[in-house]
Amino acid sequence: MQGTPAGGTSPGPSPMDRQTLLVFSLILAAALGQMNFTGDQVLRVLAKDEKQLSLLRDLEGLKPQKVDFWRGPARPSLPVDMRVPFSELKYIKAYLESHGLAYSIMIKDIQVLLDEEREAMAKSRRLERSTSSFSYSSYHTLEEISSWIDNFVTEHSDIVSKIQIGNSFENRSILVLKFSTGGSRHPAIWIDTGIHSREWITHATGIWTANKIVSDYGKDRVLTDILKAMDIFIELVTNPDGFAFTHSMNRLWRKNKSIRPGIFCIGVDLNRNWKSGFGGNGSNSNPCSETYHGPSPQSEPEVAAIVNFITAHGNFKALISIHSYSQMLMYPYGRSLEPVSNQRELYDLAKDAVEALYKVHGIEYFFGSISTTLYVASGITVDWAYDSGIKYAFSFELRDTGRYGFLLPATQIIPTAQETWMALRTIMEHTLNHPY
């Protein structure tokens with residue numbers, strides 16, 4: 001059930017209904033071993049100035065942690081979204097009100113959305129089993145995606161192959177799909193999805209994109225020209241341990257699952273673990289933080305695997321890392337406000353890409369450098385790519401702008417993937433036509 005964006009009220013369950021729902025949710029979570037988020041809300045705060053932003057940043061340092069920022073405090077012009085556990089709602093709302101921080105309720109009860117999501121997945125799974133098919137309009141588990149990859153590669157072995165580039169902390173295979181028409185060391189394009197495990201729309205978009213490539217090769221002139229001259233690599237599940245955990249225990253888990261002696265909290269933010277700007281602004285040295293950068297650059301096997309693979313290949317010309325949510329297309333730098341040397345070219349290309357995206361379903365995206373469009377973030381994928389000589393480095397933030405956040409309904413998978421494809425196609429075509 002959604003809270004009204006303007007901060008008003010909407011009809012809710014009666015006390016008896018709510019008690020019944022709570023009991024049902026707790027039983028369901030216990031049976032499935034999954035965390036329960038009944039009563040948790042997502043609040044949106046729009047800070048007026050830097051002072052109010054500072055007050056919001058103070059919430060991240062509370063011990064024990066009381067909020068989970070979905071969109072962190074960045075600048076006064078950008079909303080801050082945070083999940084607040086039911087047990088902390090009274091405290092957090094009082095804190096906001098006492099400091100004059102106006103808020104609205106974006107999601108009134110997270111568990112309601114989670115139950116709807118789980119029910120939709122179960123329904124889709126039953127249909128897939130009865131028809132022996134794979135639904136591109138549904139969310140899937142790691143095991144289902146792995147099975148799909150094997151079948152997909154077998155069915156399209158003339159153009160697709162599977163490469164294992166490493167193993168995760170929990171020893172899961174890190175797999176990449178390679179799309180190629182033959183030859184060795186072609187110029188290449190890298191696409192990764194799901195580096196933050198709770199961003200399920202990114203995995204689903206990647207899967208749809210992979211199928212789109214094989215479906216349109218030989219029919220779409222632009223794509224055909226790209227694949228005749230270049231290879232495309234897609235890593236669908238960049239954070240396999242975290243992704244598996246979002247299905248088995250905590251749907252809202254962001255980091256990987258690495259464990260270190262003497263540290264109570266688990267996991268590293270894989271998008272803060274890269275060498276470029278490691279440990280700088282927009283990352284955190286606190287292992288309990290959602291943006292914990294890890295003990296050292298590329299300490300995480302999931303990051304090291306990509307670095308080693310791309311470096312050994314030596315001929316990648318574009319890298320696109322796909323995240324959610326906020327509807328943005330961005331380029332380096334994230335670590336500072338310093339413009340990159342080809343800033344104008346990247347700006348114009350991003351503009352063309354979001355215009356192509358808009359034409360599909362009328363969805364508007366912001367675009368620009370990461371540090372000026374979203375926030376300063378150090379140790380991130382695209383900064384590393386650019387500093388490693390990959391000229392066309394971009395990061396997407398897919399749908400939506402906060403109504404559902406990381407819990408985007410499966411009904412939006414296909415539209416999201418369709419529009420994202422047109423932006424990807426634009427970037428890849430430009431990369432093809434501007435060799436370096």
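Cβ coordinates are placed from backbone N, Cα and C, and glycine is handled just like the others.
The annotation domain 'Peptidase M14' is assigned in Swiss-Prot to 138-431.
Within 10 Å of the Cβ of His196 (substrate binding site) there are 23 other Cβ atoms, across all protein chains. Look at Swiss-Prot and you will find His196, Ser197, Arg198, Glu199, Arg254, Asn271, Arg272, Ser324, Tyr325, Tyr375 tagged as substrate binding site, backed by similarity to another entry.
Look at Swiss-Prot and you will find His196, Glu199, His323 tagged as Zn(2+) binding site, backed by sequence analysis. In this structure, His323 (Zn(2+) binding site) is part of a beta strand by DSSP. Other Cβ atoms within 10 Å of the Cβ of His323 (Zn(2+) binding site), summed over all protein chains shown, number 22.
The DSSP secondary structure for Cys288 (disulfide bond) is coil. According to Swiss-Prot, the feature disulfide bond maps to Cys265-Cys288, an assignment based on similarity to another entry.
Under the heading active site, proton donor/acceptor, Swiss-Prot lists Glu397. Cβ neighbours of Glu397 (active site, proton donor/acceptor) (same chain, under 8 Å, six or more residues apart in sequence): His323, Ser324, Tyr325, Ser326, Gln327, Met328, Leu329, Met330, Leu374. Under the three-state DSSP scheme, Glu397 (active site, proton donor/acceptor) falls in the strand class.
Residue pair Arg254 (substrate binding site) / Glu199 (Zn(2+) binding site) shows a Cα separation of 8 Å. Listed in sequence order, the residues Gly194, Ile195, Ser197, Arg198, Thr202, Arg254, Asn271, Ile322, Ser324, Glu397, Phe406 complete the 8 Å Cβ shell around the Zn(2+) site centroid, once His196, Glu199, His323 themselves are left out. The domain 'Peptidase M14' (138-431) scores a mean pLDDT of 98 in the predicted structure.
Here the binding-site residues are Arg198, Arg254, Arg272, and the one ringed by the most other CB atoms within 10 angstroms is Arg272.
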